[in-house]
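Visitor: Below you'll find the structure I mean.
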C-alpha cells in the first residue's frame, strides 16, 4: 500500500477535489490496485484500520454507496457504526451539528456522509474535527464515484491523459457529473457534458477541460468512454423535458450512438439505471459495458481513500 511522496500536504478530507493535487489523486488510484488484489484473496481482509471506527452517516437513502463504503471499511478491519437519519433524533428535529457532535463524543475516527443539502459534508468536517468523506451532498459533489469512474477508465487505457470522456444525461441535477468535471481534467482528460439545454447548467461551461453541448453525436465523436446518467425525476419540478420518449430518442446511449465513439470505447453508468431510457439494454449488457466493473472497482477505490486519509503517509 504505497503512495507518492512530494505531492504537497496530505488532505485531511475528501469533500471535493479542490485540495487534491494530481499526484495525490494518482496515488489513491495506484493504491486501489493493491486493494483489488485484497478483494481477490480467499480472505478479503487486511488489518490496516484495526482499532478505528468509521461512521457512515447517511441523511439520504442509499444502497450501493453505503454498502460499498461499509464493506470497504470492514475489509480493512475497521469497526463500522451505521447511522440512518430516519431512525435517529434527526427525525425529532435535532440539528446536523448536534448529531455530529454527539457521534464524535462516541470516539468515532472518521465519517462517510451523504446528505440532501449541498455543503453538508463541509459542516461535518467543521464540527467533528475528524476526517470526512463526502458520499454525496445534494447535487454538488460525489467524489468517490468520480474516482472509481476515473479508475475504471484508467484500467482500460493505462492513463487518462489525452482521453475524451462524454457524459450524457441529466447534468443539471447530477453530483456525479460535477465531480467528474472537476476530477477528470486534473488527470489530463477532456470532458464533454451533453444533454437537453434545460439540463445543462451554464456554470460548468467555463471550467477548464470541460465543454457543454446539446448534440449527443458531437459529444460521443472520438470519445474513449461514454457515461450515461439517469434522469433524476425526484429532483425535478417539471418543465425540463417535453417527454421521456423524446429524450430517449435523442439522448439514449445505445449501439447506434456508440458508433461515433472510438472503436474500443467503453460504456459507463453510475447507477441505478433506467434501462431503455438513458441507456439501452444492449449497451448496458454489451461488450463495451464496464458498469459491473465500476461497482467492483468502487470498493477498492473507497478502501484506498480510507487508507489514504486515516493511515497513509502519501
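Even glycines carry a Cβ here, placed using N, Cα and C.
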Visitor: Which one, 24, 97, 114, 221, is listed by Swiss-Prot in the same carbamoyl phosphate site as 64, 65, 142, 145, 271, 272?
Guide: 114
Visitor: What is the biggest Cα to Cα gap, in Å, among 64, 65, 114, 142, 145, 271, 272, the residues listed as binding carbamoyl phosphate?
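Guide: Result: 16 Å between the two most distant Cα atoms.
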Visitor: Could you say whether, by DSSP, residue 175 (L-aspartate binding site) belongs to a helix, a strand or a coil region?
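Guide: SS state of residue 175 (L-aspartate binding site) = helix.
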Visitor: Please report the Cα separation of residue 271 (carbamoyl phosphate binding site) and residue 230 (L-aspartate binding site) in Å, rounded to an integer.
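Guide: Cα-Cα, rounded: 8 Å.
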Visitor: Which three-state DSSP class does residue 145 (carbamoyl phosphate binding site) fall into?
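Guide: Once the DSSP labels are grouped into three classes, residue 145 (carbamoyl phosphate binding site) ends up as helix.
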Visitor: Just going by other Cβ atoms within 10 Å, which of the binding-site residues 64, 114, 142, 175, 230 has the emptiest spot?
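Guide: If we count Cβ atoms within 10 Å for the binding-site residues 64, 114, 142, 175, 230, the smallest count is at 64.
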Visitor: Using a 10 Å cut-off, grab the number of neighbouring Cβ atoms around the Cβ of residue 271 (carbamoyl phosphate binding site), all chains included.
Guide: 16
